[in-house]
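Features of the protein shown, as given by TrEMBL:
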ACT_SITE  HIS132  active site
BINDING   ASP136, GLY137, ASN138, GLY139, ARG140, MET141, SER142, ARG143  ATP binding site
DOMAIN    46-199  domain 'Fido'
Amino acid sequence: MPVVGSERLASINHTCTGFHLETGFYLKQQMMTYIQSLHSADDFAYSKGFLNALHWMLQGHRHSDRRPAGRWRHGPVYVTDARDPSIAAYTGPDVDTVPALMTELVDWLNADDGSHPLVRAAMAHLQLASVHPWADGNGRMSRSLQTLMIAREGVLAPEFSSIEAWLGRPGNTWEYHQALGRRGGAYRPNQDVSEWIRFNLTAYHQQAQTVHARWIRSGNVWAMLDDYVAGLRLDERTVSALHA
């Protein structure tokens with residue numbers, strides 16, 4: 001068998017990593033488009049099969065026997081501590097309990113307990129992340145489920161239906177993992193979730209404030225360009241070109 005040099009191996013690994021990153025980004029965009037298309041779907045209902053199908057859409061390109069996509073995990077799962085990967089910061093519930101826990105979650109998703117949609121979406125996020133039903137992609141799926149629940153309420157703008165944009169701002173991803181970490185090191189279905197709800201509502205509020213400020217700035221720039229173009233007696237369509 002020929003020996004592949006270290007530089008060649010590094011090149012292959014880099015190429016594979018780039019492929020997975022690009023593919024993962026594309027599939028996430030495709031799934032978000034699908035999720036938003038479900039906002040007005042008739043006879044829509046959550047099911048374990050539906051959640052597994054979404055997981056395949058998101059993680060199918062990474063499918064393997066060790067980390068199957070679209071199927072419940074077949075062994076224990078741990079979330080490692082960011083400061084020390086050898087430490088399990090969170091241990092998911094026993095694998096034998098996953099099907100029943102997911103049945104409970106699906107039943108709750110299909111019911112209406114009268115809670116505000118943002119609160120229910122945050123709770124679904126936490127519950128799915130806590131059960132950790134898949135070998136990989138649990139965080140992305142939990143955030144996607146949260147987005148889907150809000151989209152089903154008619155909120156389709158990504159800036160408001162998802163906390164992903166907010167998580168992309170410096171420091172917020174760390175705060176997110178800290179908030180999840182405060183749930184404890186093991187599955188506790190009856191824990192106090194008020195801090196988690198507060199964290200999510202704060203994220204949505206701050207994101208809304210950011211979008212509002214951006215809209216104000218955009219309006220001010222448009223007004224300045226409009227005056228400038230009018231002063232030069234240019235076609236008013238020039239404003240759109242300059243503002244783009």
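Counting starts with 1 at the first residue shown.
Cβ atoms are placed via backbone N, Cα and C, with glycine included.
Highest local Cβ density among the binding-site residues GLY137, GLY139 belongs to GLY137, counted as other Cβ atoms within 10 Å over all protein chains shown. Here the domain 'Fido' (46-199) has a mean pLDDT of 92 out of 100. Cβ neighbour count within 10 Å across all protein chains ranks HIS132 highest among the recorded positions HIS132, ARG140.
The distance from the Cα of ARG143 (ATP binding site) to the Cα of the residue listed as 'active site' comes to 13 Å. All protein chains considered, the CB of ARG143 (ATP binding site) has 20 other CB atoms within 10 Å. Cα to Cα, GLY139 (ATP binding site) and HIS132 (active site) are separated by 8 Å.
The Cβ neighbour count for SER142 (ATP binding site), using a 10 Å radius over every protein chain in view, is 20.
Ranking the binding-site residues ASP136, ASN138, MET141 by C-beta neighbours within 10 Å puts MET141 at the top.
In sequence order, LEU58, LEU128, ALA129, TRP134, SER144 are the same-chain residues whose CB sits within 8 A of the CB centroid of ASP136, GLY137, ASN138, GLY139, ARG140, MET141, SER142, ARG143, the residues recorded for ATP being left out. HIS132 (active site) is 10 Å away from MET141 (ATP binding site) when you measure Cα to Cα. The residue listed as 'active site' has ASN138, SER142 nearby among the binding-site residues ASN138, ARG140, SER142, counting only those with a Cα within 10 angstroms of its own Cα.
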